[in-house]
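A.B. asks: Sequence annotations record features per position, and here TrEMBL assigns NAD(+) binding site to B:Tyr130, B:Gln191, B:Asn214. Annotated substrate binding site per TrEMBL: B:Ser237, B:Gln259, B:His262, B:His329, B:Asp362, B:Glu416, B:His421, in sequence order. Taken from TrEMBL, the feature Zn(2+) binding site applies to B:Gln259, B:His262, B:Asp362, B:His421. According to TrEMBL, the active site, proton acceptor annotation covers B:Glu328, B:His329.
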Number of protein chains: 2
Amino acid sequence: MQMLSTLDPDFEARFARIVADRRESTDDVAASVASILSAVKSRGDEALIEYTARFDHYDIATDSDWTIAPEACEAAYKALDAELREALDLAAARIRAYHAAQLPEDRDYTDDAGVRLGAIWRAVDAAGLYVPGGRAAYPSSLLMNAIPAKVAGVERLAICTPTPRGKTNDLVLAAAHVAGVDEIWRVGGAQAVGAFAYGTDRIGAVDVITGPGNAYVAEAKRQLYGVVGIDMVAGPSEILVIADKDNDPDWIAADLLSQAEHDPTSQSILITDDAGFAALVDDCVTVQTSQLSTEAVARESWETNGVIIVVEDLAREAPPLADRLAAEHVELAIAEPESMLREIRHAGSVFLGRMTPEAIGDYVGGPNHVLPTGRRARFSSGLSVLDFMKRTSFLEVNEAAFARIGPAAATLAHAEGLPAHARSVELRRK
Amino acid sequence: MQMLSTLDPDFEARFARIVADRRESTDDVAASVASILSAVKSRGDEALIEYTARFDHYDIATDSDWTIAPEACEAAYKALDAELREALDLAAARIRAYHAAQLPEDRDYTDDAGVRLGAIWRAVDAAGLYVPGGRAAYPSSLLMNAIPAKVAGVERLAICTPTPRGKTNDLVLAAAHVAGVDEIWRVGGAQAVGAFAYGTDRIGAVDVITGPGNAYVAEAKRQLYGVVGIDMVAGPSEILVIADKDNDPDWIAADLLSQAEHDPTSQSILITDDAGFAALVDDCVTVQTSQLSTEAVARESWETNGVIIVVEDLAREAPPLADRLAAEHVELAIAEPESMLREIRHAGSVFLGRMTPEAIGDYVGGPNHVLPTGRRARFSSGLSVLDFMKRTSFLEVNEAAFARIGPAAATLAHAEGLPAHARSVELRRK
């Protein structure tokens with residue numbers, strides 16, 4: 001953990017290094033991924049069978065080996081203990097409600113010139129959701145990706161997920177049932193992304209691919225950007241907690257650790273205005289870390305990437321520092337968070353007040369937990385129904401309106417050296 | 001030009017080939033672009049000076065060589081003849097009004113559980129607009145990119161544009177003045193995109209890069225996707241005209257040619273229900289082509305990529321064909337376009353009725369003319385204010401709401417094997 005004070009003479013240099021450090025994988029998997037994608041494009045299902053045997057040690061021999069049946073998902077859901085089933089239902093209901101309120105409105109109006117203008121939003125026909133196997137197979141992530149797609153109105157929502165040695169994750173299956181997923185394919189890695197983008201005999205092509213994955217999955221999405229729509233490139237997760245000394249240091253330590261326990265590359269940053277409080281929080285982090293089943297990961301993350309910044313004046317100094325970090329998650333554990341919410345321009349999601357730890361937002365808050373990382377909140381947003389929709393604009397001109405605006409179009413077309421454009425207008429003026 | 005009828009026994013095979021043909025450059029410029037970007041990242045302005053000398057034959061020696069001054073843009077605007085100046089003003093005003101109506105609303109509400117939820121939209125701090133030199137330097141494109149950025153609230157809007165041998169385009173400068181562009185840099189190609197993404201001593205880094213460009217510019221944007229926000233990958237332009245026999249064939253021919261004259265790779269497709277009308281349109285295309293100053297380009301485009309499809313029943317057959325093409329521009333030159341507008345799901349922009357040629361939309365309609373090409377209307381939208389904005393979600397939980405939803409969050413965190421997440425909730429329940 002690095003401890004900084006804005007009074008340190010080298011503060012700016014150290015803070016700038018923290019801002020610049022993206023903690024992102026530089027593994028060059030581009031060539032391997034390109035070769036996998038090309039094999040899937042040309043040989044389809046045959047390539048999927050080969051890669052699945054090689055990477056996941058799972059043999060696809062019969063029709064039923066390809067998929068996980070909806071009945072299995074329903075059974076997994078019913079087999080959950082009641083508390084967990086109700087928690088999953090509550091999360092799904094709250095995510096659904098938040099995203100339903102997000103649905104954009106169509107526009108259709110006639111302006112002063114008599115021109116009718118508008119835009120119609122529609123869902124894409126099909127979406128593909130990648131669900132990682134192993135450690136990172138979070139049912140909450142499945143809900144956060146699948147529910148916005150369904151709320152947007154996507155008719156066909158397919159999942160690809162690796163099932164190493166045939167192993168499935170019951171909680172993920174239960175979440176797929178709750179979210180109303182239509183298909184689950186037992187295919188993972190770059191080959192799954194390729195199947196989604198190009199389509200195979202078995203797996204129909206989709207229009208948008210979302211969901212987390214390893215370096216191969218991320219690179220495959222990057223290479224197929226433009227062939228299909230994809231969600232934002234995701235990097236290591238991060239939290240910025242802005243907390244005054246009136247907080248319980250144990251609560252703040254737990255919040256920092258809730259990010260640190262995800263991955264050694266995760267980053268937890270505390271900005272506070274009290275050096276004593278900062279030291280207390282660090283002590284609490286140490287004590288709590290040793291009690292976690294995720295101890296090793298959390299410790300490595302905090303030791304390598306953890307930061308505490310002590311400032312003199314939170315209200316004045318925290319917002320500009322927060323904007324430079326443009327963090328995925330920002331907690332405002334202060335008495336009056338409202339004005340700071342308005343002042344911070346760049347953040348994926350903001351958690352207001354002492355009773356809103358980020359973990360609430362990870363599960364049951366309602367807003368999406370798929371958020372821009374690595375300073376991308378400067379220009380991108382969390383996942384939403386808009387990622388599964390597209391807008392068609394439209395225009396209707398009658399003769400009177402045409403007389404008003406047509407001549408200017410012809411003038412500009414001539415000036416741009418496009419005579420057929422001009423002619424298509426001028427012929428109609430006669 | 002290919003003439004197809006849905007009654008042909010090989011119609012499906014031929015139509016499928018048309019749908020699959022993306023007409024996109026397969027030039028592999030990835031390695032050259034990667035090397036240019038890396039030079040700009042490490043050597044900054046020095047690299048820009050070298051590439052500008054090499055590729056644009058323009059020497060940057062003094063401070064004033066770097067930029068085109070706002071005064072030069074204002075002078076270019078004032079020097080326009082009155083008709084052209086008024087046309088540019090009308091276009092700008094109409095584009096501004098359409099995009100202003102597009103501004104998204106923030107949300108802030110408290111739900112039944114007592115949880116406060118919302119989202120705040122904000123503009124990015126800085127946007128970079130690439131404006132090509134030469135043939136493709138359209139002032140209308142500058143307006144279509146720059147105005148949405150300014151309407152979104154972007155404080156700093158910079159242009160990079162090559163000025164080969166120092167040559168500038170007065171109409172482009174005038175458009176920059178009208179749109180309120182803040183900076184114009186005389187740098188082009190992949191090196192300009194690199195400067196925008198990484199920043200140099202001279203050119204400040206931006207958050208979003210938009211605008212058309214050649215293969216190098218497009219590849220540079222693709223490689224920097226995620227470092228900055230970019231607009232959609234753009235391919236060759238296309239128009240689909242759906243027209244019954246009651247149209248003037250000369251009008252429809254001009255509309256098809258207004259796309260064909262852009263580039264040999266452009267595509268114009270007519271769907272009609274009358275073989276005689278189809279033949280008349282083709283004749284008119286031949287006659288008009290020979291009268292165009294853009295004859296060579298238009299002829300090559302129509303001969304290579306032009307398509308006429310004759311169907312039996314427009315209302316029934318045209319929408320599903322249109323959806324498979326998912327064209328950038330769709331003209332509905334029919335008596336009752338309204339129901340077909342509702343039925344076509346995939347289109348960049350739709351032009352309704354006989355008096356709305358696409359050229360109106362290119363200049364003075366109001367909706368953006370930067371639209372998804374190459375079937376990308378299946379999953380993406382035209383440029384809008386949203387491309388220059390991002391959304392921060394927020395959440396506020398008080399003690400009563402926490403008691404309602406907190407326990408479910410802890411349950412799910414334990415189930416996902418994330419004990420620090422659970423603890424950050426459980427500590428607050430005591």
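FYI, residue positions are counted from 1 along the chain as it appears here.
Cβ atoms are placed via backbone N, Cα and C, with glycine included.
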A.B. asks: So which of the binding-site residues is most packed in, judged by how many other Cβ atoms lie within 10 Å of its Cβ, out of B:Gln191, B:Asn214, B:Ser237, B:Gln259?
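C.D. replies: Of B:Gln191, B:Asn214, B:Ser237, B:Gln259, the one with the most crowded Cβ is B:Gln259.
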A.B. asks: Write down the Cα-Cα distance for B:Gln191 (NAD(+) binding site) and B:His262 (substrate binding site), rounded and given in Å.
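C.D. replies: Between the Cα atoms of B:His262 (substrate binding site) and B:Gln191 (NAD(+) binding site), the distance comes to 26 Å.
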A.B. asks: Cβ distance under 8 Å to B:Asp362 (substrate binding site), same chain, sequence separation 6 or more: which residues?
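C.D. replies: Listed in sequence order: B:Ser140, B:Ser258, B:His369.
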A.B. asks: Out of B:His262, B:His329, B:His421, give me whichever of these binding-site residues has the highest number of other Cβ atoms within 10 Å.
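C.D. replies: Checking each of B:His262, B:His329, B:His421, the winner is B:His421.
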A.B. asks: How many whole Å apart are the CA atoms of B:Ser237 (substrate binding site) and B:Asn214 (NAD(+) binding site)?
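C.D. replies: The separation of the Cα atoms works out to 14 Å.
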A.B. asks: At the level of the C-alpha atoms, what whole-angstrom distance separates B:His329 (substrate binding site) and B:Asn214 (NAD(+) binding site)?
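C.D. replies: Approximately 21 Å lies between the Cα of B:His329 (substrate binding site) and that of B:Asn214 (NAD(+) binding site).
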A.B. asks: For each of B:Glu328, B:Glu416, count the other CB atoms within 10 A of its CB; which of these recorded positions has the top count?
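C.D. replies: Ranked by Cβ atoms within 10 Å, first place goes to B:Glu328.
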A.B. asks: To the nearest whole angstrom, what is the C-alpha distance linking B:Glu328 (active site, proton acceptor) and B:Tyr130 (NAD(+) binding site)?
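C.D. replies: Answer for this pair: 21 Å between alpha carbons.
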A.B. asks: Sequence order please: the binding-site residues B:Gln191, B:Asn214, B:His421 that have their Cβ under 8 Å from a chain A Cβ, otherwise just none.
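C.D. replies: Near chain A - Cβ to Cβ under 8 Å - we find B:His421.
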A.B. asks: Return one of helix, strand or coil for B:His262 (substrate binding site), based on DSSP.
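C.D. replies: DSSP assigns B:His262 (substrate binding site) to coil.
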A.B. asks: For B:Gln191 (NAD(+) binding site) and B:Glu416 (substrate binding site), what Cα-Cα distance in Å is obtained after rounding to a whole number?
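C.D. replies: The separation of the Cα atoms works out to 46 Å.
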A.B. asks: Between the Cα atoms of B:His421 (substrate binding site) and B:Tyr130 (NAD(+) binding site), what distance do you get, rounded to the nearest Å?
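C.D. replies: Spelling it out, the Cα of B:His421 (substrate binding site) and the Cα of B:Tyr130 (NAD(+) binding site) are 44 Å apart.
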A.B. asks: Give me the count of other Cβ atoms within 10 A of the Cβ belonging to B:Tyr130 (NAD(+) binding site).
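C.D. replies: I count 27 other Cβ atoms within 10 Å of it.
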A.B. asks: Which whole-number value in Å describes the distance between the Cα atoms of B:Tyr130 (NAD(+) binding site) and B:Glu416 (substrate binding site)?
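C.D. replies: Approximately 46 Å lies between the Cα of B:Tyr130 (NAD(+) binding site) and that of B:Glu416 (substrate binding site).
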